[in-house]
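Over in TrEMBL, the protein carries these features:
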TRANSMEM  50-72  transmembrane segment
DOMAIN    62-327  domain 'G-protein coupled receptors family 1 profile'
TRANSMEM  81-103  transmembrane segment
TRANSMEM  134-152  transmembrane segment
TRANSMEM  173-196  transmembrane segment
TRANSMEM  216-241  transmembrane segment
TRANSMEM  270-294  transmembrane segment
TRANSMEM  314-341  transmembrane segment
């Protein structure tokens, strides 16, 4: 049996054996072997090789289906649906750029093939390093910012219904364009500074030593983000408090109108969404910060650095699961699933059907023929 090459002989920080050597060292009873590292690497390897492709594939199919629904039902499009359209498109792009172009070929394939098959786009060339890092950073930042904008729009529509509820739908596209430009300009330093750089005796696709503070800037606004999830949580709590106060003014909760109950349900669902967003984002970024700090303080602590990155990558998979959950709730609570069932019945058997925008904080109802 051919001996597995050592990670120490590899020029780059990421190797095809990152998820294999921990358990190999445990079996060999090395003094620095760790059962925790073995468990974490095995969990990440199994997930990246066998589960993540299914999750990301489901997310891409669901996103494509949602986009088709929006394009086919022209009257359905409200500002909130425009935001969701752009959000799901950004999430799908992130799944493709980071899930399919990094997690699967750099983590899943090497784990499934014992390190024989792999692809590291970050290390294909210095240009590929910069472009790929910038691309997925942009799409993940954009999705965070779009969800934040949607939350602000919904809150303003509740507090100032006369001013904001009747704004033309096309302004949703204008707002998205501004959000995309803000996201782009906020990440221009990332595009210019990320490159091949040395950490110890390894090459890594990241910020060089003089700009290490950019690691924390990148963590705060990109990937799962920190600033946006916390802001979204605060906004949704305020939104929920406002709707609840309005509902109580109408009378006891037991005798609320159907519309008020739908609004309360929407608030609770969106509040849960924001909590899920924070739960997925904060641990991931804490793990990244730990990895950055350890690698700068003591690059020789490779096991600890790798464990922190493995934890962060596991939370990336929660990021992908979150996208699928969003799509399921979106289809279920807006009635899109029932609309699709009607569509499959054919034109001769189709009945008029109502798709609701109440879930997104708007009272728009669209009749689909």
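Cβ coordinates are placed from backbone N, Cα and C, and glycine is handled just like the others.
Between the transmembrane segment (216-241) and the stretches 81-103, 134-152, 173-196, 270-294, the greatest number of Cβ pairs separated by less than 8 Å involves 270-294. With a threshold of 8 Å between CB atoms, the same-chain residues lying at least 6 positions outside the transmembrane segment (270-294) that come near it are 147, 151, 154, 212, 215-216, 219-220, 223-226, 229-230, 232-233, 235-237, 239-240, 301, 304-305, 308-309, 311-312, 315-316, 318-319, 322, 325-326, 329, 361. Listed by sequence, the residues of this chain that lie at least six past the ends of the transmembrane segment (81-103) yet keep a Cβ under 8 A from its Cβ atoms are 48, 52-53, 56, 59-60, 62-64, 66-67, 70, 121-122, 132, 135-136, 139-140, 142-143, 146-147, 149-150, 153, 169, 172-173, 175-176, 313, 316-317, 319-320, 323, 326-327, 330, 357, 360. Over the domain 'G-protein coupled receptors family 1 profile' (62-327), the average per-residue pLDDT in this prediction is 84.
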